[in-house]
Amino acid sequence: MSNQQNDAKRAAARRVIQDFVFDGMTLGLGSGTTSHFFVRELGQHVAKGLQLTCTTTSRATSEVARDVGIELSDPNEMNEIDLTIDGPDEIDRRFNMIKGGGACLLWEKIIAHASKRMICICDETKIVNCLGQFPLPVEIVPFAWKQTERRVERVLAEQGLHHVPIIRRMGGGHPVITDSGNFILDCHCGAIITAPEPLEIELNRIPGVVENGLFTREATGMVVGYFDGSSYVQLR
């Protein structure tokens, strides 16, 4: 990751704190590199006295939050969350997203739907005209996973996405295991997902699919950082 991209992520993190985070809020802290920039920036404000109740969408984010002095709460002990800040792997101009490059998509979607608002935070490289260049992750249970993979391939074809390479995500020679103990199938669709909402719904109807990385309803706004250190806000 270049220094310019880091500057863009940091600019977005600072802008979202400036415009959307207030004393006394309950916050969901998202996953991924841009979200971690946000969490580190947030830690500086907490150290100066900002009072927040926070939960996270992954074990990795929990580690970052604790490292910067942010106390975390069990989401089961929280009421509706005021705001979740999370980052996409891709986002289009209609606020449709692909998330899950860090294999945290299930927890991310749970916390997003437990929140009054979700603001997407990203750098300029994540903005796309059409989703799909980034592989679409589908979280599946390990049992009979090959059968589930075949059904995923069939649904993709029914939605106009034919001959899509589907690869079970690996790491260190072993299948990647999510925080919930599941596998990830990465669907290399190409930038041709023109109807993400019905695809999201149909994938989730497959027995064995836990969740997929299309987020079509969650984001209420985006904060985008640019390489020159500037940022902008767009609301839905």
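Any Cβ shown, glycine's included, is placed from N, Cα and C.
What you are looking at is a predicted structure, and each value in this text was computed from that prediction instead of being measured.
Swiss-Prot lists Ser31, Gly32, Thr33, Thr34, Asp86, Gly87, Pro88, Asp89, Lys99, Gly100, Gly101, Gly102 as binding substrate, and of Lys126, Lys146 the one it places in that same site is Lys126. Following the DSSP three-state reduction, the secondary structure of Asp86 (substrate binding site) is strand.
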